[in-house]
């Protein structure tokens, strides 16, 4: 991975990041295991409708993406480090409008910056990844505006509640294994 973009000192209070990278179950699970993250909520972001719920979003008619809202302590983990984990472990940023096995714009790779600094860090990091040819293909991750809507209760903490679910075992548990291996100092049980 290329060096992380410079990040000026941020406030000491909790900050928020909103990321989309395929099914929100796996993204949520990865960030729930990152030291410095206080909470992660599955939801939807980036759509045109005034509200979002699973049935509408999965129909591909609202243009929302399955996303997660990450509340984190910037004194323990920086926004740029969250992006590094997002790109390196949480999903495949080179896939356009899909994350195997899920297909459609609701599964796109996207970053929803909460302020101008986050936007610049995201754009700079994507540019650095592409210039370094980190993935051998261009990064398909978009940087978008969008409101975050929490997903239904049954989607929250899905991996923790359903660790034997076939989808979880096949697609999401390997992400946790990779997180622990690649970022042992940031991994928490």
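Just so you know, glycine gets a Cβ as well, placed from its N, Cα and C.
For 23, the entry in TrEMBL reads active site. The local packing around residue 23 (active site), expressed as other Cβ atoms within 10 Å of its Cβ over all shown chains, amounts to 21.
As annotated by TrEMBL, domain 'Peptide methionine sulphoxide reductase MsrA' applies to 17-167.
Averaged across the domain 'Peptide methionine sulphoxide reductase MsrA' (17-167), the predicted model reaches a pLDDT of 95. Secondary structure at residue 23 (active site), as computed by DSSP, is coil.
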